[in-house]
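Student: Have a look at the structure that comes next, please.
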């Protein structure tokens with residue numbers, strides 16, 4: 001799309017919400033149309049630009065999407081699974097597109113998203129980073145060449161405030177590898193090890209999780225054999241990389257038909 005796309009950001013007062021506001025401010029083809037916080041938040045009525053540190057934007061934080069129906073084209077949501085489902089329902093009823101960066105959805109919630117996406121365009125990705133999405137392509141190649149001959153482990157680290165584990169990105173890494181190898185991740189995944197576990201089953205894909213300090217996001221996939229190992233690692237040093245990816249997704253999504261899309265499609269990597 002050549003013109004500006006108007007976005008609304010829910011969870012505007014959180015760490016990611018403020019970063020999204022800042023990112024929107026700096027994007028040539030994006031304009032912030034609305035910023036939303038939960039009812040009762042002390043931030044309602046605060047200027048969104050001042051909250052994000054980019055100066056006054058004359059866009060006050062509101063406590064309901066109903067007040068912003070005519071102010072945006074695409075909703076961007078990095079909140080929580082239950083809230084994201086509510087927001088997507090609202091978008092369907094008001095014919096708005098939606099970018100979902102929330103992680104931690106259960107199976108039933110994913111089914112709800114699939115159903116809603118039949119009625120409105122949705123981009124959902126556990127990680128909006130360009131580098132991470134390129135990493136998934138590299139994992140396909142590594143799995144094709146080395147996967148059946150190596151032990152595969154996925155290690156991820158995030159800040160102390162992250163609520164779900166393993167991260168959505170780590171799970172996606174496992175899904176990419178398992179699919180390439182013709183395995184079912186639900187059956188071959190091992191989440192942490194403790195006690196006498198016995199020898200390692202070569203068919204398993206292990207997951208290890210670190211939660212510490214202010215880690216933005218670090219992910220490593222290890223393909224280990226006797227005598228050598230390959231590690232594919234992505235490290236994020238700023239949330240801005242995720243925010244910029246979300247803006248790119250919003251700009252792309254506004255011209256798409258109803259359906260559920262991912263960042264691979266946004267970036268043309270499929």
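Note that Cβ sites are derived from N, Cα and C of the backbone, with glycine treated the same way.
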Student: Need a hand: Swiss-Prot gives 11, 12, 13, 14, 15, 16, 101, 102, 103, 125, 126, 127, 128 for NAD(+), which of 37, 82, 153, 156 is also on that list?
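Tutor: Looking at 37, 82, 153, 156, the one Swiss-Prot places in the NAD(+) site next to 11, 12, 13, 14, 15, 16, 101, 102, 103, 125, 126, 127, 128 is 37.
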Student: What is the one among the binding-site residues 11, 13, 168 whose Cβ has the most other Cβ atoms less than or equal to 10 Å away?
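Tutor: For the binding-site residues 11, 13, 168, the Cβ with the most other Cβ atoms within 10 Å is 11.
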Student: Can you tell me the three-state DSSP label for residue 168 ((S)-2,3,4,5-tetrahydrodipicolinate binding site)?
Tutor: helix
Student: State the Cα to Cα distance, in Å, between residue 13 (NAD(+) binding site) and residue 38 (NADP(+) binding site), rounded to an integer.
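Tutor: Here the two Cα atoms lie 9 Å apart.
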Student: Cβ distance under 8 Å to residue 15 (NAD(+) binding site), same chain, sequence separation 6 or more: which residues?
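Tutor: Non-local contacts for residue 15 (NAD(+) binding site): 161, 239.
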